[in-house]
Amino acid sequence: LTGVLDDCLCDIESIDDFNTFKIFPKIQKLQERDYFRYYKVNLKRPCPFWADDGHCSIKDCHVEPCPESKIPVGIKAGSSNKYSKAANNSKEFEDCEQANKLGAVNSTLSNQSKEAFIDWARYDDSQDHFCELDDERSPDAQYVDLLLNPERYTGYKGPSAWRVWNSIYEENCFKPRSVYRPLNPLAPSRGGDDGESFYTWLEGLCLEKRVFYKLISGLHASINLHLCANYLLEETWGKPRWGPNVKEFTRRFDPAETKGEGPRRLKNLYFLYLIELRALSKVAPYFERAVVDLYTGNGHEDAESKALLLDIFRDTKSFHMHFDEKSMFAGEKKGAKSLKEEFRLHFKNISRIMDCVGCDKCRLWGKLQTQGLGTALKILFSEKEIQSLPENSPSKGFQLTRQEIVALVNAFGRLSTSIKELQNFKVLLQQTR
């Protein structure tokens, strides 16, 4: 893969260099810190669209929830039921007050707390989310240590996995059913159509709908890359050996094996990377305020985590070839607003489809990466609100929950890893030739 990406003025080589030398080492380090490694998720939510029939072929599908004793006290207190009035009287809230913290925000004056509750409730009720969010108060919502449950090949495939991706592409990518989309290039095409009519049709779409498709395709490519790079190569005496599987990578991405589809998917991965990179640079002012603290209860660790995050923001701002989101939804006001709402609802629906994934580990990482992308979109469409944030009080008009922050950083970390793994596969392929 070389050259300039469609719909933006950025070349692949620049992204490779920037990711390898600046972003990847730092984002890896950040993901290992306590604030970012614990993610609260409900893996028992029923599929809202069909009876779940998926199952995994290997035991590595299982997700091990975190025992309460392992969760840092600040994270447990900070993610208590902070949106309800009852939280004012709960023990967790007292813990928060005692530590002078409130979720991801350090409320330095206790009389600001009530104001923050009202503001958060009002903000949370506003319809600006791009994702269907898990209810953290549900007894089924559990903390998961992401470092102990890495994303990798699970053997989850067949009709259940196919149905999930097919539903995402066919029903949510602004596509008429008459246009054949080559979801699986190895599947028989309809009539004489090899999928090229889909790309002809895609080129005729407005930028926003093209972008939507590329984001989903890029996410799909990234997930497939993780599975190829962290594949179960063998299991002897109960000891699994994981590593890159070149044959699987070739099957999914080689131009000859995928009828030219593979390189297109990988280009969409780079496009998605640029979108999330842009969101990180845009949200920097939110975190640069002294009032925002990545609170776990360990002051030294929290200060180091924030310093590392701000360092990554400086790097994202230094990249000169960002995607320009101002070109989106820029037409006639009423039409632009309606299109943006349609865009948001389509994406929200995709986040609900993640509850239909039949493998727990795939569901965990699918939900996290979808929520990360949804948070990135929320940021890109809230630029004015972010720029007008007050310096020394809880945010009004724009607020990120700890869940959104954790999802945003880990989702971008996954994309950064994908691009790094792609470099590794290039080397492995050269060695096998």
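Each residue's number is its place along the chain shown, starting with 1.
Glycine residues also receive a Cβ, built from the backbone N, Cα and C atoms like all the rest.
Checking the candidates CYS228, CYS362 against TrEMBL, the cysteine paired with CYS359 through a disulfide bond is CYS362. A 10 Å radius around the C-alpha of CYS359 (active site, nucleophile) takes in these recorded positions out of CYS61, THR154, TRP165, ARG252, in sequence order: CYS61, THR154. For CYS359 (active site, nucleophile), the count of additional Cβ atoms within 10 Å of its Cβ stands at 24 [all protein chains shown].
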